Amino acid sequence: MDKLELFFTSFSNLIWSNWLIALLIGTGLYLGGLIRFFYIKKLPKILNETIVKPILNSQAVTGEGNVTPFQALCTALGSCIGNGNIVGVATAIVSGGPGSVIWMWIAAMIGMATKYSEILLGMEYREKLEDGTYISGPMYYISKGLKLPKVAIIYAILLLLQNAGGTLIQANAITMNIESMFSIPPLLSTFGLIILIGLIIIGGIQRIGTVTQKVVPFMTVFYVIGGTIVILINIKTIPSVFVSMFESAFSLEAGVGGVLGYSIRESMRYGVSRGLYSNEAGEGTAAVLHASATVDHVGKQAIFGITEVFVDTIVICSISAFAILTTGVLETSASPAVLVSLAFGTVHPLFKYIVGMSTVVFGFLSMIAQWYLGNTAIEYIIGNKKITVYQYVFLVLIVIGGWIELSLVWSIQDSILGILIIPNILAVLLLSKKVKERNDEYLSMVDL
């Protein structure tokens, strides 16, 4: 087992080295150039269209689909918000220094173009099943757009495996956190998870959308308010935090003008990789989760991907980062796994529960999205037919995840994810002409 884990850890490190990060950043820059980075200038209007209007019920929903655009956004956010926003951010800061936060922001602004393009292509090539459900993803634009059905099958298999591993990891994180906070044995919490998730996934994408629409906004605000209180209590440290961030981010050599010996290379590597890992830009999962949205133009849903990255990285990851940096817990040499919890706990011991509950609830939402992603993948593999067997397999995975040691699963998961990105990114690049065409068409129709 140790040798197997070592193999996958080494393979994962090879996959997630500089070349993959360069591919992701280069793709985002290229796609951003094609669409003229319109979303940077228009970000306030995009946030108004994708968050404010849906919450105020002042946005007309027209076109064909199964869920509202906002429900699709909440489902996608439920998928990507989780450990990456808490432990992932802490890991980036410990490994790459405070400057990694700057590079995380840069990666997010570039990744917005990638996610926008993925969703646009997913909507462009989506299909309608016999029961009226709309379905899509990278396997659809690889198969229909590039005429490469075998590559599409490979992507679908990788997606299925990646989400099986993700289910094990999330189930384990949830049961461990519940046991830590409330001393509830994993057996009981796993049983509760099975019942709750089973009741939701049996209702399909419509019920998933209904649940995530209610829970995601509440939990996001809950975490942001808690983190903001932590930061405001330590607001006097903000100027020095920004100085350390910029010194660390742009120091040419470790130990020369840098903070704690971090160089630009380390800050960039960990900031970019953890930022992209958190918001999932490049994986193609957003194309699956947004496919059922009711819209009258593909671009109308694609802009929700920009909001998705903004909320995930610019908002939530930043809250975690500033909580760590303003409270000084980075100097304790504590494990990245507990840094955010320690930071919140400096206000009051009960504040640690904000982090714990956020991990549990977002992990729960992520598992729901994991089921939908895995189910979509297996339905594509067998020929776009509705099946129920994966529901039972998924529930069994929850039971297993609640009990087993997951260090090997983490290594395998990272390896599969790295491979999964490659066909998706190449497909998006090869279909970039379609992205530009549909983007220009959309922007000529709307006033953003």
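Just so it is clear, glycine is given a Cβ too, placed from its N, Cα and C backbone atoms.
Automated prediction, rather than curation, is the source of TrEMBL annotations.
Over in TrEMBL, the protein carries these features:
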TRANSMEM  20-39  transmembrane segment
TRANSMEM  152-171  transmembrane segment
TRANSMEM  183-203  transmembrane segment
TRANSMEM  215-235  transmembrane segment
TRANSMEM  309-330  transmembrane segment
TRANSMEM  350-369  transmembrane segment
TRANSMEM  389-410  transmembrane segment
TRANSMEM  416-432  transmembrane segment
Given the cut-off of 8 Å on Cβ pairs that are 6 or more apart in sequence, determine whether the transmembrane segment (20-39) and the transmembrane segment (416-432) share at least 3 such pairs.
yes
So, taking each listed stretch (152-171, 183-203, 215-235, 309-330, 389-410) in turn and counting its Cβ pairs to the transmembrane segment (416-432) that are under 8 angstroms, which one gives the highest count?
152-171
With pairs fewer than 6 apart in sequence excluded, do the transmembrane segment (309-330) and the transmembrane segment (215-235) have three or more C-beta pairs that lie under 8 Å?
yes
Counting Cβ pairs closer than 8 Å to the transmembrane segment (152-171), the top stretch among 183-203, 309-330, 350-369 is 350-369
